[in-house]
Amino acid sequence: MADFHFIRPWALLAFFALFLVLWLLKRMSVAHSGWQQFLPGHLARVLINGTQTSKPLSLTLPFIIGTLGILALAGPTWQKLPQPVYQVDRGSVLVMDMSYSMYSTDLAPNRLTRARYKASDLLDSLNEGEIGLVAYAGDAFTISPLTEDINNIKLLLPAITPEIMPELGSNPLAALTLAHEMLANAGHLEGDIYWFTDGIDREDIEDINEWSRSFPHRLNILGVGSSEGAPITLPSGELMKDDSGAIVVPRTNEKRLYGLASKGRGTYRTIANDNADINALIALPPGLDSEQEEGESQNLGDQWQEAGPYLLLLLLPLLLGYFRRGTIVALLPLTLVLMPQKQAYAIEWQDLWKTKDQQAQQQFNQQNYSQAAKNFKDPLWQGSAHYKAGDFEKAVESFAKFDSSDALYNKGNALAKMQKFDDAIEAYQQALEKDPELIDAQKNKQLIEELKKQQEQQQQQNQDQQNQQQDNQDQEQQGQDSQQQQQQGQDQESQQQNSEPQQSDQQQGQESEQQQQDQQQSDRQQGQDEQSEQEKQEQQAQAEQEQAEREQAEQEQQAKEQEAEQQNETPEQQQARLAQEKADQETEQKHQQLLNKVTDDPYLLLRNKMQIEYQKRRQHGAPAGVQKKW
């Protein structure tokens, strides 16, 4: 009981009103006689009180009822309710520098790889709120919108490289502006921006400082690189050179980055081998908006179990005596006020906090591809989800909505899975016409052409073998026919020799047989005329039964013929048949292996998405930023 308190202590002020009501009732109780208002006070006390026989009004029961009602309204409590882990409504954006200078090797193996590791550590440390991912080079692009699923962002980190960026260069201002738009659209007036970069140019300093003065976000910077620098080693192994042919050696200017972080109300740290740099970046507590702070204070009272409703149960037996008197009506408003109110949570939280694309992305990562395809609005992601779900027809329909090289490439993959090789080859060819450097499309096109060629050869071999088997069967049939003709010729000769002495006897018997046949024919004609309808129905049923038996017999005969053909096969034919079955099985396995080699690169969707967005931006003008290759 050490934690006993009232949730609404201001309700205890109602005791003043209770005492006032009881005092008024006490004064009104002496006015029970009509003579009280006509007699003086000293005479009324002698004359009326002396003859009073009715029981005086008791205020004990109203006092108890009022006290219990006020205490219930104040909300007594002493026991805490189990609460879920409090989660700060925090908004953060991770900004990754994807300029070619991130391939510098002053950090082993290079700056980009180390930055990815640190980004993964940061995501593990930011276990509260939402976080998004932005990558920039000559322009900035949203890689992942704000989400609470850090695993989704971790899966996307290996996908972003300088090669997939539509424009070369370094434009950090565009990335910071995009990060602000993401936070504002998600309802975060203030947020934390974690910027991983290896440096900026002097021309960008004033623009970034102006951005920091315009927006209340905290800018935390992690410097990825050293002041000595190192050459840029491209994935091909070559060293990047400038226009004059000199090897580029980018260096990290820590003073510039430190100044930007200070003016951005954040922290700057140079990349370290341990987690000291990440811990320093997230050391500042997350800021809350005024609306969020107000909501937090309002939610503090929900952690205590209120005992007020149980006090109302004690009022029920006390109120029973007032039903007869009719005074219960006066207490109904108080009872209604003290009734506990239930909150209705009819809002779909998924729709409230996440967009359809965010929900679909989460379902896609959870391998729930069918549901993700329904929620995706982007046809390319929708097609990818259909492809993963095995619904290749719908995947083709989704990819067909775009005419880009990557969309045509993915369309070809889906058609290849459907074994529509001609259409797949055509889709790959269209993709190569738009982007001749699309190596994956060229490889898949060659694989499908090889697969189609092998399939045609296999069909031709099967046709030749069938023709050879048919020729062998025709030759065997001709041999059997010639043997039957010889046997029939011998039988006819013997019959002709035996028929000559018997012709005279047969001619005499034919006349008598003809007369008997005429008589029998007339009798049968008469019997046929007397057939009833019932006999016709019986004949029809019998005919149907005979038809069914005949079909069954034909099926059995076909099965026997097939077995006989297999038994009558020569060893050479059996060996050829087994070899054909083995060849068919090997061909099917090879077809499946070739189909499995068809590249399914999910990162092409990301590159294609950025390319489309970049083309739309170019229509409104080129982005501002330092124009260079690194």
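Easy rule for this one: first residue shown is 1, then count along the chain.
Cβ coordinates are placed from backbone N, Cα and C, and glycine is handled just like the others.
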Looking at the ranges 21-38, 57-74, 327-344, which is given as transmembrane segment in TrEMBL?
-> 57-74
Per-residue pLDDT averaged over the repeat 'TPR' (405-438) comes to what?
-> 85
Counting by DSSP, what is the helix, strand and coil composition of the compositional bias 'Basic and acidic residues' (547-563)?
-> 17 helix, 0 strand, 0 coil
When you scan the chain for residues with a C-beta under 8 Å from the repeat 'TPR' (405-438), skipping those not six or more beyond its ends, what do you find?
-> 380, 383-384, 386-387, 392-393, 395-396, 399, 444-445, 448-449, 451-452, 455, 595, 598-600, 604-605, 607-608, 611
Tertiary contacts of the compositional bias 'Basic and acidic residues' (547-563), as residues 6+ beyond its ends and Cβ separation under 8 Å | none
